[in-house]
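A short worksheet on the structure shown next.
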């Protein structure tokens, strides 16, 4: 009997332990999904209430994912817009901003969350993420919302910025933080080296670069030019050279690429030669974040970088600098880049409506103008440049308008179905070229082959 | 009666195992089976619901240049990190085994990299390897050594990762060896010194063989770490340049989350599982028998 008691006790103990484990397991799952549940519960409640009465006591909560990929206090700025919006819509809408890292990280997080049934309500993703997001059917077209507004609403956006956000006649996003690449140059150094103006063609670029390189005891102390290069974003930095040489890297449908086109090969070769033949640029990969630092420290006389870095450079430069459009070989001068605003599909209608309100707020002239001044991104609408603030700013600092003016000569950013794999295939081979492990032609043929494999079926 | 008793006793044993088993099933066996299942399907952005393709994913991976490169990289990474960090750790442990004040300080400082999270370590080393104003470049300039483009060249990026990993891990393994040394009875050394054995002889004939169980344990940890730890790749290289620092686990992550290719990620996972299983089998059936506890 005694032993029986003991064993009974042990049995109960073990069962309790098991039970505890299971509940602990369950409760942790609950915790992660509870937010989601309350959200949908709230939404349900609101729909019920809305059908009876228009007023609802609980505001719509929106989860807003955003990335930061240029220097400066960009995140704080985004948070301040959110705060402003929340104050204006007190009691109705609450936007919760979620900083999600780089563009790639933001997309990954949004995809994973949506897959798990916990989709964000809206977010900023690359304009080129459109194929991924629509192939997976994660995002909502915005046409119906646009139709509710005046016609002038959509006409106000710069057409080049709207390019590429339509598939099958449906528009899926609106531009927010858009950039082009521009040439930053150190005016003082150019003057000192006898370069009269910023180069406008490839020949002028080489010529100017050679004058600007400074050597001491056989070692370069100042480069003529630096271009960010290498890594997963390498495709973005090499694409302008292809465009300048008159070739589009992908078709608008996103099903074909031209990586081994003779003109692409020529463009990549030109880039390679800038370092190895003309010696105006350092060899090998160059970090995206390191280049503005080098420019500001006077280690390079010119750099190619996003307009998104303009404000950062302006604040930190201790010398007179200029900004100009990229030199060309006859084609467009630059590609576009940057992020658009997307609304997700798997959320209640109230949330979609509220998300649209937030998008209207973010693209309103005042915010677009302020955002452009704070970051250097292009003001997305014409009326943004009509605001007194941005007008005065451009007058005093004409460089701020270079990116906008360059829109006339800008081509669409490389975007295809299965975009991650295709751009990676291209970027990897660019890495192989600049580190000297493959010839340009071999590398581009391999890139084409790998990209075609990734595009099979689309 | 006796049989019933053992059954009962065994029952309790199993019941006590149950909580752990639940976790194992939830987080190990179920995902493993799921991966095996998904590895037979083409499942990506185009076909989120999945289409059965048999062994096509395996064929694809075996022909994929990147995957081959990644396997090769992982092998080099393991060969570069495992023996060196074990030898270094053993050396440090033997040298610092005597309890003196200075040795305590040395032990602490060697152990210190272990307590820093790998992501923080990666950021520190990112600065050390930075080509223009990084610590190594300054150091090299001062002593007239050649500049090395650590993270910018396909040749140097792997050595850069290996050095970082050894720096991070050797101190951790040292702790195991210190513990191992505590278990070697002192009288063996006393008799050895009475016989007039040299230091090198004592190490070769006494310390090293008696540390063998610890060495095997550390070897397994080091080997699995070389497959498991990829945090620094996220921070430092994202697998570049041209996949020269891409390791298998990062490759799986990339395919699953960046490219959305669930089928390929699952297939690579299955291959990884098979390789790890093979390693542990070799460990338990071959190496284990050659060691005297």
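Cβ atoms here come from the backbone N, Cα and C positions, even for glycine.
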Of B:109-128, B:129-148, the range TrEMBL labels transmembrane segment: B:109-128
Segment assigned the feature transmembrane segment in TrEMBL (from B:75-97, B:236-258): B:75-97
Intrachain residues whose Cβ lies under 8 Å of the transmembrane segment (B:109-128), provided they are six or more past its termini: 92, 96, 134-136, 151, 160, 164, 167-172, 174-175, 229, 231-232, 234-236
Beyond the flanks of the transmembrane segment (B:156-181) by 6 or more, those residues with Cβ under 8 Å of it: 73, 76-77, 80-81, 84-86, 88-90, 92-94, 96-97, 107, 110-114, 116, 118, 121-122, 125, 129, 148-150, 207, 210-211, 213-215, 217-218, 221-222, 225-226, 229, 232-233, 236-237, 240-241, 244-245
